Ligand SMILES: Nc1nc(=O)c2c([nH]1)NC[C@@H]1CN(c3ccc(C(=O)N[C@@H](CCC(=O)O)C(=O)O)cc3)CN21
Ligand SMILES: O=c1ccn([C@H]2C[C@H](O)[C@@H](COP(=O)(O)O)O2)c(=O)[nH]1
């Protein structure tokens with residue numbers, strides 16, 4: 001939590017105003033931030049200085065692991081966070097590749113679970129990583145990437161957290177996640193949870209111990225209409241102690257995640273938080 005608040009404060013203190021053409025909003029921006037989550041010691045990085053909708057965050061990462069490409073599937077799992085990008089994003093609505101209501105196109109897991117090969121066919125990157133890690137293999141390239149520059153016009157949004165690199169040291173699993181663009185008040189509140197959960201879940205289904213997760217952010221920003229509530233309300237609050245995330249121990253394979261897992265398989269204990277703050281969302 002402290003590292004999150006430090007980043008927010010750093011943007012307020014040192015950020016540079018950059019005009020963003022896609023959203024037509026100015027963003028107070030810094031370059032480069034490195035966050036670390038101690039998954040081994042259950043340091044769940046949930047924001048406490050406002051109410052965080054952690055179930056939505058977990059629904060997103062499960063949807064990515066399943067290769068979802070429809071906002072309707074994300075809604076069925078328990079989050080409406082992809083509705084605006086599917087159905088209100090002007091550029092995407094005009095894009096001839098959009099297949100109608102709720103279609104997101106080739107985003108995130110739709111690429112990571114069926115990454116097109118230059119010589120034809122696809123590779124399921126996530127399945128390959130799970131198979132290797134289960135056997136104790138780390139080939140120094142256990143990389144789940146959602147980034148395919150040739151597919152940018154085939155999806156509603158380029159992936160923000162675009163790469164997850166898994167590593168084994170003995171039977172301890174590590175994760176390095178990279179994010180190119182980060183909406184710190186809204187997106188990061190979710191992305192921290194997602195990096196933590198991705199390492200915890202991958203360790204659980206491959207029979208490894210979770211170690212640390214390292215989260216690299218390149219462009220970290222606060223949109224102009226989010227600045228006042230962040231600076232004058234959220235940053236004035238004292239954080240509470242970190243809560244605990246409990247994951248159903250019956251989740252034992254990628255198949256389980258693909259077939260029966262729901263948000264009821266995740267529980268947060270001891271979540272003390274300040275009141276909700278509704279931040280504007282830039283489409
Ligand atoms: N501008 C922008 N910021 C983002 O963080 C973002 C995008 N666009 N587009 C793609 C996804 C969608 N994400 C989202 C979308 C909405 C919320 C949001 O509205 N969060 C509210 C309420 C969440 C709820 O009720 O479930 C929040 O207070 O956190 C968060 C992340 C993250 N990503
Ligand atoms: O997981 C996510 C997804 C999206 N975001 C934010 C970062 C930006 O504010 C927008 C994406 O806009 P681009 O113009 O494509 O950079 O969404 C996030 O923080 N986390």
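Cβ atoms are placed via backbone N, Cα and C, with glycine included.
Copied over from TrEMBL, here are the features:
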- 160: active site, nucleophile (ACT_SITE)
- 22, 180, 181, 182, 183, 191, 221, 222, 223: dUMP binding site (BINDING)
- 183, 282: (6R)-5,10-methylene-5,6,7,8-tetrahydrofolate binding site (BINDING)
- 2-283: domain 'Thymidylate synthase/dCMP hydroxymethylase' (DOMAIN)
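Between the C-alpha atoms of residue 282 ((6R)-5,10-methylene-5,6,7,8-tetrahydrofolate binding site) and residue 223 (dUMP binding site), the distance comes to 8 Å.
Here the Cα atom of residue 183 (dUMP binding site) is found 10 Å from that of residue 160 (active site, nucleophile). Note: the Cα of residue 221 (dUMP binding site) and the Cα of the residue listed as 'active site, nucleophile' are spaced 13 Å from each other.
Taking the domain 'Thymidylate synthase/dCMP hydroxymethylase' (2-283) as a whole, pLDDT averages 97 in the prediction. Closest to residue 160 (active site, nucleophile) in space, going by CA atoms and restricting to the binding-site residues 22, 181, 223, is 181. Among the binding-site residues 22, 181, 221, 223, no residue has its Cβ under 6 Å from any atom of ligand 1.
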